[in-house]
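K.L.:
According to TrEMBL, the protein carries these features:
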- Asp60, Asp128: Mg(2+) binding site (BINDING)
- 1-23: region 'Disordered' (REGION)
- Tyr98: site 'Interaction with target DNA' (SITE)
Amino acid sequence: MNGAIGMDDSEGGPARPAEGRIGEWPGDVARAEALQQRLAPLVREEHLDADAVSLVAGLDVAYSADDDVLAAAVVVLAAPDWRTVDSATVVAQPRFPYVPGLFAFREAPPLLEAVARLETAPDVLVCDGFGVAHPRRFGLACHVGLALDRPVLGVGKTPFVGSAQPPAAERGSWSPLVDGGEVVGRCLRTRAGVKPVYVSVGHRVDLPSAGDLALRLAPQYRLPEPIRSADRLCRERLAAAA
């Protein structure tokens, strides 16, 4: 494989270690689940003016066919036309097994490393995945948000937990995503007549604000532009590292 594991393709000096408030990244399932349960009460929900947000980072991870290598990408887009102003990538080997509900222990460390390599500080981060719409109410977006103490939301293509009634066909329509009698997210129609996405709180954003911002970030396509850009970059970086 060409390219160095753990190196990015951005400029601006050596990589900095990701500093966060998680404190540990356990390598076994029981301790990982216990950590999520312990950290879930620390998630804060705050109002965020979606129209005032100007810099948004999208986060995504791509894997090699044999699951031996991953590429994590962060792309910062600027309003109002959502042009790319900064990006960083990390190529590494997964350090945690493939376990549904525990993807954060595979993806959050390299994503946080990529965020640390940015030269631009985003106002908000958007993860391809979930936050409190999670069995233990602490998914990838919560891990990233708590580690950075920044506003983070998760946007997924299919629900991981819970169910929702189909929203109306018009763009901007939504219905609550409910799990065990608790509203954990929104089923949001970002394009008229197209499948909805599932929005959930990660940290320091409330659900109405997260829904408003997700809609603003998807002016043309189903998925928010920052996630689309990060998806494209991590796939390109993975191919270049092969």
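Using N, Cα and C of the backbone, Cβ positions are placed for all residues, glycine too.
TrEMBL annotations: computationally assigned, not manually curated.
I would like each feature placed in context: is it buried or exposed, what are its neighbours, and how far apart are things?
P.N.:
Taken residue by residue with DSSP, Asp128 (Mg(2+) binding site) is part of a strand. All protein chains shown were included, and the count of other CB atoms within 10 Å of the CB of Asp128 (Mg(2+) binding site) stands at 24.
Under a cutoff of 8 A between CB atoms, and with a sequence separation of 6+ in the same chain, the neighbours of Tyr98 (site 'Interaction with target DNA') are Asp67, Arg106.
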K.L.:
I'd like the number of other C-beta atoms within 10 A of the C-beta of Asp60 (Mg(2+) binding site), please.
P.N.:
26
